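Trainee: Take this structure, written in structure tokens, and hold onto it; I'll ask about it next.
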């Protein structure tokens, strides 16, 4: 009998954990809105579940970046009307000003993980400056050497090879003179 | 035609004939010893070619001792050595000529040939060190003017061309002498002399052009030679490595080159003197003067050496500490101090004594200086590589030290054989002493050439 | 000289054309992807979520940037547009696990003892504490290596990466001599490596696989910030593999770095934690910052075994 007790207790525990786990099956929907109030960027996440606003639910805000999402501040819980209000900083860099902002519910005991995103032009425009590769320098490519350097190098090379060419021409001059002398004799 | 040769000269026929005989004899006959010597050099050269083929077909990891940290080995230090002795043309033919030191006269052509051989095999030494010699053309197609290697490539080609022209132009009158004097040589050889003599008749106009061109070229080749040597120094000085990050490097390398040039000149002069019985032309006076030149060059190089090593040692900055202590009292101490003693102190001290400036003692000193000079350049390249800024840790044992492999040593030996072969072969086909320049010296009453005992 | 001008003007024209084309393609793809209702392409791509989980998702959900999936020569030289890669390494978190080293080796199909990223034990002075120091190519903004390359085989890109063109390198090893950080390695043709490279030529099985191949024999190789992965928004192998999250990788223009788990703003991180660069006084302007091990997560432990003892 004792054996069966243990078996029963295990079965009931498993069933219990399954039910509590599936209690997470509550689906929450987030509606993300963006407002600008007195030059302050404000994000509002309105969380509903089965038509009813959800209160005291932590919502995380993040912004999409190249490799990952950058979290903005800490998680803020929804207030009595089911809205979590975030202040969004205005110094997040973006190539064209557009930012993709995510509001997400993560690892909450009662609700499934959800995420919703929206695009808004709140980014601080940052233009990538290619001057470090475009400018002429010693580190740059072959076609971007400093002009003074190219000029001086070509000058030196030109002078030296010019002199060598002159010497070779003089040898041919000797040959010509020799031929003349031969004809004379 | 042969009578015309003497039309414009005014010393006795007898004297001139004796001179011609002496100086042209090596071209006429090659004795048994000469043949064995050439065969030996060719054998070493071939061994080097075989070693290089082995290096390229089997992996360099197995055939050379080069590793990630010591990725430059004796190929590079050998290249530095070759460029250094390549300055001998500048020193002997150019500087002495332009400063009216008449004792250059029999030495100038020897110097030029050594310079050409050395620069050629210096370039070969560098190509052997390349990882992808099949992409050599990239240097032309994609070369960056900002790179010191491109400066080096341009410089070496220019210097080689200049030395060849500078060798060839004074050779023209001698070629005609050869053509006329040596009748029983193979036909092709006589034909070659004829072609290369460019219709030389010895007319006053031709002499004028010749002399003027020679003067221009010798003036050009001085800054050119110094520039080449400095550029090879800049291969190291343009990097941030502590051991090479020195403003002194250009002067250090150039002064080293001058010292080694005097040494190699002494070496070659002695060998030719003995091998071709040229005692009358390569006299004891020349060795006396070379010995004095050696003292001067050793002094100058010693000065730059002190600047290079003593002053950083005084400060013992953390950047240099490891390498310097290693050189002065550590693993490489025996090496370093031998190089200083035999490479700087010996050539400075010993030739101060007149007895040491005799041919044989000076010859031995020059050999010692050359060996020490080769190792000096080795000490510049390799110990520095073993003490980078960030410590070497967790690597296989072979990465922490460097000793050249058999393949590397064979190839380097082959480059030496190559230089010697170039010089030897040249001396067998062309007069190694400029006949007319010596005669000219005699002609213009320069007693120095022959009356010195 | 004229030929050089013609070549450079032609090259400039081609560059302009290529850039324009890429910009157009990039905007087209970007706008297509940021639209919520994208069509699934059916091609699966492995990505790292913000919590460090590796998931496989449809490639349409990954924002493909300017680069295509297979590199052409022009693109290697241009760099990924609008990015400037940067790295911050937290020395307080490095415990010499060497997972970054093995991860990098597997991702690039290279064998020990070749290491693009090395972990060194550093101790600045006897009274200071020793610390583990991960070091790799710093992709300097004033690179001493690109200055000396005779054939432009190593070059600085607009995205900050100092790249290697293995097809052009002549193996002169001048860049290795010039690098003060000993960041570069040379392929001497070690027999085991040659065999391995041959066998694993088309092996992309490693989860962190980086498509940049190991250098050809006789050429120079180094860390490339896993260029092709960065183009797809995938973190480099070493960043992913580090169990302590010591390496933060990111885009300077976005002002964000991440180690896979934590994403932080770059400027704030460097300011708060006193980030510095190694050998700043050399003027190389490296793109890797270090955070001094002020508040260590765990005490320093010496290495218990020697690595890379096999030749």
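Glycine residues also receive a Cβ, built from the backbone N, Cα and C atoms like all the rest.
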Trainee: TrEMBL tags one of B:36-54, B:55-73 as transmembrane segment - which one?
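Mentor: In TrEMBL, residues B:36-54 carry the label transmembrane segment.
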Trainee: Which range is it, out of B:334-353, B:434-453, that shows up in TrEMBL as transmembrane segment?
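Mentor: Transmembrane segment, as annotated by TrEMBL, spans B:334-353.
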Trainee: What range among B:74-98, B:174-198 does TrEMBL describe as transmembrane segment?
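Mentor: Checked against TrEMBL: transmembrane segment maps to B:74-98.
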Trainee: What stretch of B:74-98, B:217-237, B:249-272, B:402-426 shows the most Cβ pairs under 8 Å to the transmembrane segment (B:360-382)?
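Mentor: Against the transmembrane segment (B:360-382), the leading stretch is B:249-272.
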Trainee: Which range out of B:36-54, B:74-98, B:149-172, B:249-272, B:402-426 gives the transmembrane segment (B:217-237) the most CB pairs under 8 Å?
Mentor: B:74-98
Trainee: Short question: which residues 6 or more past the ends of the transmembrane segment (B:402-426) have a Cβ under 8 Å from it?
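Mentor: Hits for the transmembrane segment (B:402-426): 34, 37-38, 40-42, 44-52, 54-55, 63-67, 70, 73-75, 78, 82, 110, 113-114, 116-118, 120-122, 124-125, 128, 268, 382, 385-386, 432.
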Trainee: State the residues, same chain only, that lie 6 or more residues beyond the ends of the transmembrane segment (B:74-98) and have a CB under 8 A from a CB inside it; answer 'none' if no residue qualifies.
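Mentor: Sequence-remote neighbours of the transmembrane segment (B:74-98) are 104, 107-112, 114-116, 118-119, 121-123, 125-126, 128-129, 156, 159, 163, 166-167, 215, 218-219, 221-222, 224-226, 228-229, 232, 253-254, 256-258, 260-262, 264-265, 370, 373-374, 377-378, 380-382, 404, 408-409, 411-412, 415, 419.
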Trainee: I need to check the long-range neighbours of the transmembrane segment (B:334-353): which residues 6 or more away from its ends have a CB within less than 8 Å of a CB in the stretch?
Mentor: 259, 262-263, 291-292, 294-295, 297-299, 301-302, 305, 327-328, 361-362, 365, 368-369, 371-373, 375-376, 379
Trainee: Are there residues at least six beyond either end of the transmembrane segment (B:149-172) with Cβ under 8 Å to its Cβ atoms? List them, or say none.
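Mentor: For the transmembrane segment (B:149-172), the sequence-distant neighbours (Cβ-Cβ under 8 Å, at least 6 residues beyond its ends) are 83, 86, 89, 93-94, 108-109, 112-113, 115-116, 119-120, 122-123, 126, 139, 143, 196-198, 200, 210, 213-214, 217-218, 220-221, 224-225, 227-228, 231-232, 234-235, 430, 434, 436-437.
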